[in-house]
């Protein structure tokens, strides 16, 4: 899975600077590799792992043991035997042996986004399982790959990146604030949660849980995070990893609960009403739950990796610097809990983060062509669903829409099902196969246009299903086209875009600290940052497509769409004046601009005549 970590003979590097350091976000090589530690650094490690009695540490210093000596544990043990008291030796040797195991077989992966990253051997054991390797066959961005040819990356490499960044952040906090009592167990559990947080994704990632399951299993409240927790349990038990986890110092019941809670939230939903709903870690370590999946404000290492990775593969500029933010984070207490806070001067960087998220959704994730391809794949999967059988545990058979009920069956469900349908010769799959052939030939459903409702007119989710029929009933009365269309001819895709917290400003939920008093958590209002920041943080875009290919029918469908926009008091489609010039004058609000607003720039006084108001 990678090459062994750097050689034992490397010279010790300078200790990483703290806040504002230009070093790697995970510290210098000397910080990361115990084999490069001096005696004092080993003493710090012993102290942070419960072996910190002053007399013991004094005697350990006298032994002169360094990290390089961990390779020869018998010789190391001999020095400790001479220096330490009998009841101290076992505790010291157990702690150092665990450290030696970690240092001995750390693996290095060459990641295109983060560079050379070190992965703990327990994480490597998790990676080398069928359940994790499955992520190699699930596209990170689903149907977006059909539009952006560089977006061929998968959930596998994203998961490696999240596990790595989770370790970077928690180690930085441990180094900066020893009083937090972050242990090696905590670090390992956070890394595992980051690594395994996406185990439950289905074919084409969010297309499966966002489009297919809501249609195939209507009324089922299912999330991929739920499947991630179940798949993690299945991974551990089916590969018999309990013993190896214990050998690295994990306490199974407590730590597995902690890992699952980081991925999917509190295990017991009824416990959410309690003051502290989590079981894996006490309230004193509440900040650990904000690293992998931050439910409070959405700032977490999952986003940091997919921003960087998706931008890299899409060819889109990433303006958010997660490395800098890691250097300016610390834990402060607020509301009787400890939270991860950012330095006050980083508020602009965080707005850049959410702006990057919005740009990615606009330009890539919600691309009109990528979305209609996912809709067509979803249709194909629906038509193939009842004819596909996937064997699960005890020989029981499942369909595409039910495979997530059994993790053995779900392990076999990947993007490959697209090719199985495409290349099948089974007559019962002919309808599904034909839809996929249309995608391959680029015979996509025709885009008619998009419109935006005002905030007060936004369409609620329970009305989505009736929109196609509403458009079909909107045949223009003035010069109507000689074509009758039905609801089956239209596809309506309602896209809700925001900064991650619907219509709220996510920065309102972020805590900061200032240089003058780094222990105090504060909030920063939008007005304190800039007057150029957005006034609203969400909007709804309605896109309409026609399933028919005939140009005459498509032209008529566009007129239906324009008439529907007039009826619903939505914004004018961008090409509304072209596709329905006889309809757009009927809408007063679409034609309230004076002629002077269209004066060309070559005419006199154009600067005074131009208006930029909507």
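Every residue, even glycine, has its Cβ placed from backbone N, Cα and C.
The active site annotation in Swiss-Prot covers 224, and the record cites similarity to another entry as its basis. According to Swiss-Prot, the GTP binding site annotation covers 107, 108, 128, 133, 136, 442, 446, 515, on the basis of similarity to another entry. Per Swiss-Prot, dGTP 2 binding site is recorded for 110, 147, 324, 343, 345, 349, 367, 368, 515, and the stated evidence type is similarity to another entry. According to Swiss-Prot, the dCTP binding site annotation covers 140, 155, 201, 206, 303, 306, 310, 357, 366. Residues or ranges marked as dTTP binding site by Swiss-Prot: 140, 155, 201, 206, 303, 306, 310, 366. Swiss-Prot lists 158, 197, 198, 302 with the feature Mn(2+) binding site. Residues or ranges marked as compositional bias 'Low complexity' in Swiss-Prot: 1-13. The domain 'SAM' annotation in Swiss-Prot covers 37-102, and the record cites sequence analysis as its basis. Feature annotation from Swiss-Prot assigns domain 'HD' to 155-307.
The CA atom of residue 197 (Mn(2+) binding site) is located 24 Å away from the CA atom of residue 324 (dGTP 2 binding site).
Counting other Cβ atoms within 10 Å of each Cβ, the binding-site residues 128, 198, 302, 310 show the lowest value at 128. When Cα-Cα distances from residue 198 (Mn(2+) binding site) are compared across the binding-site residues 155, 206, 303, the shortest belongs to 155. Proximity to residue 310 (dCTP binding site), defined by a C-alpha to C-alpha distance within 10 angstroms, is shown by the following binding-site residues from 158, 206, 324, 345, 442, 446: 158.
Nearest Cα neighbour of residue 324 (dGTP 2 binding site) among the listed recorded positions (201, 206, 224, 302): 302.
Looking just at the domain 'SAM' (37-102), the mean pLDDT is 80.
Neighbour counts of Cβ atoms within 10 Å were compared across the binding-site residues 155, 197, 324, 367, 446; the minimum falls on 324. Cα of residue 107 (GTP binding site) to Cα of residue 158 (Mn(2+) binding site): a distance of 17 Å.
Counting residue by residue with DSSP, the domain 'SAM' (37-102) contains 53 helix, 0 strand, 13 coil. Of all Cα pairs drawn from 107, 108, 128, 133, 136, 442, 446, 515, which the record names as binding GTP, the longest spans 56 Å. Long-range C-beta contacts of residue 140 (dCTP binding site), restricted to its own chain and to partners at least six residues apart, with a cutoff below 8 Å, comprise 151, 153, 154, 155, 157, 158, 205, 306, 309, 310, 313.
If you check the recorded positions 108, 133, 224, 446, 515 against residue 201 (dCTP binding site), the ones with a Cα inside 10 Å of its Cα are 224.
Set side by side, the binding-site residues 107, 303 differ in how many other CB atoms lie within 10 angstroms of their CB, and the most is found at 303.
The binding-site residues examined here are 110, 366; by Cβ neighbour count within 10 Å, the least packed of them is 110. A straight line from the CA of residue 128 (GTP binding site) to the CA of the residue listed as 'active site' spans 22 Å.
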